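Novice: I am attaching a structure below and will ask some questions about it afterwards.
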Amino acid sequence: MLIIIRPSGEIALKSPRSRRNFEHTLANNIRSVIKEGKIWRSQGVLFLEVNDDNKNIEELSKVFGIASFSPVMSIKSYNNNLEDIINKAKEVFAEIVKGKIFSVRAKRIGSHNFTSLDVQRKVGEALYPFSRGVNLENPEVEVFIEIRNDVAYFYHKIIKGPKGLPVGVAGKTVVLFSGGIDSPVATWMMMKRGSIPVILNFNLGGSVHRKFVLEELSVLRKWSGGHKLKLFIVNGTDVLIKLSQIEKRNRVVMLKRVMYKVAERLCDKANVKSITTGESLSQVSSQTMTNLYVTEYGIKYPIFRPLIGFDKEEIVELARKIGTYEYSIKLPEYCAISTKARTSVELDEVLKDEENLNIDYEKVLENSEVIEI
């Protein structure tokens, strides 16, 4: 089976050098995911030759950087022979348009002694006897012919990809991953922008928490373009014991600040240049403008919050699409360690608590469990 793969539109807008780099990364990611066949680049698209397997279709639909793709049949059209194209179109499309209202879409790259309109008209005439009629505006079925120099490609399906950028072109980011609904979606969105996530989980729920986090990451791994996901699991119970020393209403913000501090150390250790969270503005008390300011105060790495403007319904909808929702919904809200958390914590108060707690963030990270998925 031959598949034509169309990269995301924004890749075509890059400089020639960046475009080559992005397309090269996309090709490598496809190789890692499909694990078979032959792939090559040609005039703004990629071609993939694989065994006839529907599994490949499903896997390609989760590779970021792909706008769409189509299984195709092809012929060499020597000497600009339009008759060859018409005959092949009848062979490929006669059954597809049978008893249906159809349209023909054609486009060309290269020099030919006929136009795209000629192809549409002549192929349409040849297929008309098999059909129920032609309607260019609202057909029941569309058939496509793409002529690239001396090769013509025939297809009738355009399968959508997830678009975005190939995973790996934007470096790495440390993701604070609770395993709730939000953090897997934030991870997915950063992968969509070409980033490889390094996962940091504070385990506050023992083996159950660990189990569901691993299941969620197994789902996200299918979207990673073949890149392995590295997971650091920190024993959050020890941190909670420390936090019991401070005022109860400040504990949620302080817990988040501890997570940021450990994430900062992980960035140092893994040579990562950013931190990502699943926070959404004003969704909960720790995510008010004031508390976000306090939480990230003094952190030296940029903090990305891809869900900052999303409401919960939008996040849930994405989680269902990704496939993580069925696991996230089973997890308790482990980070909700106070029922009366403040919506506006004073920075000076938090910094004083931080000094008194004297948490060794390096040691917290050193004692983490590391898993590669």
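Every residue gets a Cβ built from N, Cα and C, even glycine.
For reference, Swiss-Prot lists these features for the protein:
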type	residues	note
DOMAIN	54-158	domain 'THUMP'
BINDING	L176, F177, N201, F202, K256, G278, Q287	ATP binding site
Novice: Using a 10 Å radius around its CB, how many other CB atoms surround Q287 (ATP binding site)?
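Specialist: The Cβ of Q287 (ATP binding site) has 23 Cβ neighbours within 10 Å.
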Novice: Which three-state DSSP class does L176 (ATP binding site) fall into?
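Specialist: Its secondary structure by DSSP: strand.
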Novice: Between F177, N201, F202, K256, G278, which of the binding-site residues has the fewest other CB atoms within 10 angstroms in the structure shown?
Specialist: K256
Novice: Roughly how wide, in whole Å, is the group L176, F177, N201, F202, K256, G278, Q287 that binds ATP, by largest Cα to Cα distance?
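Specialist: Max span of the ATP binding residues, Cα based, is 19 Å.
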Novice: Counting by DSSP, what is the helix, strand and coil composition of the domain 'THUMP' (54-158)?
Specialist: 41 helix, 35 strand, 29 coil
Novice: Given a separation of at least six residues and a C-beta threshold under 8 Å, show me what packs close to L176 (ATP binding site) in the same chain.
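Specialist: In sequence order, the residues whose Cβ lies under 8 Å from that of L176 (ATP binding site) (at least 6 apart) are S183, L200, F202, M259, Y260, A263, I275, T276, T277, G278.
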